[in-house]
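Asker: Pulled the feature table from Swiss-Prot, pasting it below:
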type     : residues : note
COMPBIAS : 1-16     : compositional bias 'Basic and acidic residues'
REGION   : 1-22     : region 'Disordered'
TRANSMEM : 39-59    : transmembrane segment
TRANSMEM : 81-101   : transmembrane segment
TRANSMEM : 122-142  : transmembrane segment
TRANSMEM : 155-175  : transmembrane segment
TRANSMEM : 190-210  : transmembrane segment
TRANSMEM : 218-238  : transmembrane segment
TRANSMEM : 267-287  : transmembrane segment
TRANSMEM : 294-314  : transmembrane segment
TRANSMEM : 338-358  : transmembrane segment
TRANSMEM : 380-400  : transmembrane segment
TRANSMEM : 409-429  : transmembrane segment
TRANSMEM : 439-459  : transmembrane segment
Amino acid sequence: MGKDKTLPLLDPREPPELTGTKSASKVWAKEFGEESKRLWELAGPAIFTAISQYSLGALTQTFSGRLGELELAAVSVENSVISGLAFGVMLGMGSALETLCGQAYGAGQIRMMGIYMQRSWVILFTTALFLLPVYIWAPPILSFFGEAPHISKAAGKFALWMIPQLFAYAANFPIQKFLQSQRKVLVMAWISGVVLVIHAVFSWLFILYFKWGLVGAAITLNTSWWLIVIGQLLYILITKSDGAWTGFSMLAFRDLYGFVKLSLASALMLCLEFWYLMVLVVVTGLLPNPLIPVDAISICMNIEGWTAMISIGFNAAISVRVSNELGAGNAALAKFSVIVVSITSTLIGIVCMIVVLATKDSFPYLFTSSEAVAAETTRIAVLLGFTVLLNSLQPVLSGVAVGAGWQALVAYVNIACYYIIGLPAGLVLGFTLDLGVQGIWGGMVAGICLQTLILIGIIYFTNWNKEAEQAESRVQRWGGTAQE
């Protein structure tokens, strides 16, 4: 297949086995350190990119909150429900490129990566057209799910103005996966960081100084996402991405069926995870006197969202490492990368959990001045800490699945663990046994725990040599060569 062993971060050596001898332990520790360095070179910029892009919506909500309660509610609902739906679907559909581009890069089929990205554009822009009705008819959709009429109307109006962001998602995620698979994560980090600064300035200028209100918020958020797209695209067009970009090609329209299947599996896998904790907030709203529990859960989800940025960075890093090494035929190194990143992310999760538990009496006051809300948040902080720990490892295991191309399998696991076991258990504990928000969250955490254990089992019993062979077959079946 013309594999290039000089590709960055690819290493043809076999990883050491931990035999128990002192010398073997030293070698294993040395290799662990080297692999950790490779992972952090990818994860560090990826974490910064995730935080920067997450902050775009958070900053818009912050500035909109200065306009009034209705404006804040409109932006919050649109961001979390309408754009949240689109973000999850688009990110999931684009994640197929993590498998294909990563394995093509490892296999030395660099020129096929640009073709894969164009195929993903075709699929994601088509998907965006199918998602348009959600934006156009947002008010009745939100009202159907119980949102107050005046908030539904305001959020629906804001959703119409945010349609350009939908198509920015369609352009952005394939580009990001294309660059990420080549470990060009520093480029993404620089562009996202610069755009975040511009976004903060423009938000103040258009929302507050010029008093354009929600129109200014929409203009700023749309512009920021398109600046990210344009910046990354200019980098690719100017540098040719080390030969991975050879120009637009009609090959992008070939073999779309298999590509669509993998994209749909990726979207289903990710959306089932992405929406699971969102369901927690919705179900909590069905409790008697839900105002305080919903506020407490929202504070906890805010904390969990920020800590999740670390896991997302490691998700990207391990997806690249596994797909690259499998594509290069280095099955043992792919397995070793999984071990290293699992240990690293779990240790970080333990630290984050300790911080949450140690500050459970004080961090709620960063978000509220209500004693009742703060007390409820403190009461459920133990569940937050455990969720933070689980979610330090679970996205990493999902990243392994994406790198290996197991999206369809993990989607079935997610359906079973989250929606057949976790959610019903939460409903029984919360409503039937009258345990309230603690019961709802406890049941859903049980689903996450079960899913994590199943993924660990799948990874442990995986035949990595067979996965490397399947990666080679996948690259040949969905690409061949870019010259044909």
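Glycine is treated like the rest: Cβ placed from N, Cα and C.
Neighbours and distances for these, please.
Answerer: Here the transmembrane segment (39-59) has long-range neighbours at 9, 79, 83, 176, 180, 183, 185-186, 188-189, 192-193, 195-196, 199-200, 203, 221, 224-225, 228, 305-306, 309-310, 312-314, 316-318, 320-321, 337, 340-341, 344, meaning same-chain residues at least 6 beyond its ends whose C-beta is under 8 angstroms from one of its own.
Only residues 6 or more beyond the boundaries of the transmembrane segment (122-142), in the same chain, are considered here, and those with a CB under 8 A from a CB of the stretch are 77-78, 81-82, 85-86, 89-90, 93-94, 151-153, 155-156, 159-160, 162-163, 166-167, 169-171, 173-174, 252-253, 256, 259-260, 263.
Residues of the same chain lying 6 or more positions beyond the ends of the transmembrane segment (190-210) and with a Cβ under 8 Å from any Cβ of it are 48-49, 52-53, 55-56, 59-60, 63-64, 66-67, 216-217, 219-221, 223-224, 227-228, 231-232, 235.
Tertiary neighbourhood of the transmembrane segment (409-429): same-chain residues 265, 268-269, 272-273, 276, 279-280, 283, 398, 401, 435, 438-448, 450-451, 454-455, 458, selected by CB-CB distance under 8 Å and a gap of 6+ residues from either end.
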Asker: Counting only CB pairs under 8 A, let me know which of 218-238, 267-287, 338-358, 380-400, 439-459 has the most with the transmembrane segment (294-314).
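Answerer: Between the stretches 218-238, 267-287, 338-358, 380-400, 439-459, 380-400 has the largest tally.
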Asker: Top stretch among 267-287, 380-400, 439-459 for CB pairs under 8 A with the transmembrane segment (81-101)?
Answerer: 267-287
Asker: Return yes if the transmembrane segment (338-358) and the transmembrane segment (380-400) have at least 3 CB pairs under 8 Å (sequence gap of 6 or more), otherwise no.
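Answerer: Output yes: the transmembrane segment (338-358) sits against the transmembrane segment (380-400).
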